[in-house]
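**Q** Before I ask anything, here is the structure I am working with.
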Amino acid sequence: MGKEKIHISIVVIGHVDSGKSTTTGHLIYKLGGIDKRVIERFEKEAAEMNKRSFKYAWVLDKLKAERERGITIDIALWKFETTKYYCTVIDAPGHRDFIKNMITGTSQADCAVLIIDSTTGGFEAGISKDGQTREHALLAFTLGVKQMICCCNKMDATTPKYSKSRFEEIVKEVSSYLKKVGYNPDKIAFIPISGFEGDNMIDRSTNLDWYKGPTLLEALDQISEPKRPSDKPLRLPLQDVYKIGGIGTVPVGRVETGVIKPGMVVTFGPSGLTTEVKSVEMHHEALQEALPGDNVGFNVKNVAVKDLKRGYVASNSKDDPAKEAANFTAQVIIMNHPGQIGNGYAPVLDCHTSHIAVKFAEIQTKIDRRSGKELEKEPKFLKNGDAGFVKMIPTKPMVVETFMSYPPLGRFAVRDMRQTVAVGVIKSVEKKDPTGAKVTKAAIKKK
């Protein structure tokens, strides 16, 4: 066995009819972990329903449908391998909760793959009516997804087919708006593809011999290696807390930054509860240490299940321990709110695993969301498309951090009326010092 490949996450974005499902389905189909029997079953069903043309998207639709019905899909189905990486596709958008998942999501995407419909009319639709293309690209950039690959899809259906001039026209236009969002187009690979026919997806296409750049597979291999934040202090937001007979209390969550290991004394924010970690395990195997990206359960001493909750954050008691936020200031972008948002607005914030109502105490400034320049001091309200700096006060104890220090704990979705109405990035946090927090015997011994 050679060294295991590096894991990276990609998020596929673009307008609703751009061919995201077909393209993603094709990659997973050709390079992925989908069992051949499953594919044959899908193909048979697709043929029976005269959906032959829909083969790759059909694979993805079946996976989505099964996942939405709560049938746990083997997550390997959403993975594929390149020569250098194991790639996981983060929730393909179009899914209702895509924006929320991208923000609070189990993982930060390392690269966005933007799919553009190159057909006449298709491209214009995706880009114009404030199509989702812009919104998704802005979102990816705001949330720190700095690498991008842009696929000009449906090249088999341009007029004439595989048109070089159409490709060049699209590259020019898309470059100019990605630049407005904040990306540097010179660092983005633009690839003419057909997700359905397979041109330039994995193998070089003879239909596009005028194109000299990388195929999609080669471009994915050229993504620069993500740096995992294991050198930062520990932050592990809890997803659940279990009581396991014979073992005791076992909090479960994903290490976002730093490391956790047996013997470490951890402090849980916001309550300040401090105790010793007895053991750490992943997939039923004991670990000597867990690193960022690992989903782990860990056993803590002298702690009742009721003392810990989803949304609490485990941290190293000796290294910048997590504390309750008294208030924080964030850059907020309003994305789909039907009215006006003024001081006193109190929606729910989804930040890492916590889900807590937060009050917009003071809208400090309205800013240009691309350049960050101030447009207005203390505006009365913010509406759709606006961005601003807002001071926020949680209605219940919660842990948040600045996006600079701990990115996964510094971005959030604002939820109201069952949808994501805004996204935000935290710039500064005022923390409370815990008073009278419980320190277990095990932790005192370790001191």
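Placement of Cβ uses the backbone N, Cα and C atoms for every residue, glycine included.
These numbers come from a predicted model, not from an experiment.
Just lifted these from Swiss-Prot, have a look:
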REGION    14-21  region 'G1'
BINDING   14-21, 91-95, 153-156  GTP binding site
MOD_RES   K55  N6,N6-dimethyllysine
MOD_RES   K79  N6,N6,N6-trimethyllysine
REGION    91-94  region 'G3'
REGION    153-156  region 'G4'
MOD_RES   K187  N6,N6,N6-trimethyllysine
MOD_RES   K261  N6-methyllysine
MOD_RES   E289  5-glutamyl glycerylphosphorylethanolamine
MOD_RES   K306  N6,N6,N6-trimethyllysine
MOD_RES   E362  5-glutamyl glycerylphosphorylethanolamine
MOD_RES   K396  N6,N6,N6-trimethyllysine
**Q** What is the pLDDT of the region 'G3' (91-94) when averaged and given as a whole number?
**A** 52
**Q** Considering only the modified residues K187, K261, K306, K396, which residue has the minimal Cα-Cα separation from M155 (GTP binding site)?
**A** K187
**Q** Quick one: Cα separation, K20 (GTP binding site) versus K79 (N6,N6,N6-trimethyllysine), in Å?
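**A** Each residue's Cα considered, K20 (GTP binding site) and K79 (N6,N6,N6-trimethyllysine) end up 15 Å apart.
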**Q** Using C-alpha positions only, work out which of the recorded positions G14, K79, K261, K306, E362 is nearest to E289 (5-glutamyl glycerylphosphorylethanolamine).
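**A** Spatially nearest to E289 (5-glutamyl glycerylphosphorylethanolamine) by Cα position is K261.
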**Q** Sort the residue listed as 'N6-methyllysine' into helix, strand or coil using the DSSP assignment.
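**A** Once the DSSP labels are grouped into three classes, the residue listed as 'N6-methyllysine' ends up as coil.
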**Q** So of all those recorded positions, G14, K79, K306, which one's Cα sits nearest to K187 (N6,N6,N6-trimethyllysine)?
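**A** In terms of Cα distance, K187 (N6,N6,N6-trimethyllysine) lies closest to G14.
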**Q** In DSSP terms, helix, strand or coil for G14 (GTP binding site)?
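**A** In the DSSP reduction, G14 (GTP binding site) maps to strand.
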**Q** Write down the Cα-Cα distance for D17 (GTP binding site) and K79 (N6,N6,N6-trimethyllysine), rounded and given in Å.
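**A** The separation of the Cα atoms works out to 23 Å.
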**Q** Counting distance between Cα atoms, which of the recorded positions G14, D17, K261, K396 is nearest K306 (N6,N6,N6-trimethyllysine)?
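**A** Comparing Cα positions, the closest of these recorded positions turns out to be K396.
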**Q** If you measure from the Cα of K261 (N6-methyllysine), which of the recorded positions G14, D17, E362, K396 is the nearest?
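**A** Considering only the listed recorded positions, the nearest one is K396.
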**Q** List, in sequence order, the same-chain residues at least six positions removed whose CB sits under 8 Å from that of K396 (N6,N6,N6-trimethyllysine)?
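**A** In sequence order, I356, A357 meet the Cβ cut-off.
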**Q** Looking only at K79, K187, K261, the modified residues on record, which one has the least crowded Cβ, with the fewest other Cβ atoms within 10 Å?
**A** K187
**Q** Can you give me the Cα-Cα distance between G14 (GTP binding site) and E362 (5-glutamyl glycerylphosphorylethanolamine) in Å, rounded to a whole number?
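**A** Here the two Cα atoms are 34 Å apart.
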**Q** Reported in the order helix, strand, coil, what are the DSSP residue counts of the region 'G4' (153-156)?
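**A** Per DSSP, the residues of the region 'G4' (153-156) fall into 2 helix, 1 strand, 1 coil.
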